[in-house]
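K.L.:
Here it is, the structure in full.
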Amino acid sequence: MLKHIVLLQFKSDITQEEINNVFLEIAQLKNSIPAMKSYTYGVNCSIEQLNKGFTHGFVMDFEDIIGRNNYVNHPEHNRVAQQVILPVLEHGFDSVIVLDYEF
């Protein structure tokens, strides 16, 4: 199994409705990408104050590296990344952190 963790820093003027739409669009990727086994998202609630402006995140589980690679290269993933997520980020790709690990 492989865990795919993504942290996001949204623009300061984004609405909650826009944020909800981002996470809904991401959730719908599961319909197109069977290797995506689970998806959760949420708002930072850490008391450590080490989030460096990253307020939201999501986690996906994939069956294996091949499944994750299929997701990353899938046209629907690219559409959501470019047309849905990127326009609402504070500093474009500098407002995203991605970390994957096998478990």
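The backbone N, Cα and C atoms fix where each Cβ goes, and this holds for glycine too.
What TrEMBL records for 2-101 is domain 'Stress-response A/B barrel'.
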K.L.:
Could you count the residues of the domain 'Stress-response A/B barrel' (2-101) that DSSP puts in helix, in strand and in coil?
P.N.:
44 helix, 30 strand, 26 coil
K.L.:
Which whole number is the mean pLDDT over the domain 'Stress-response A/B barrel' (2-101)?
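P.N.:
PLDDT averaged over the stretch: 98.
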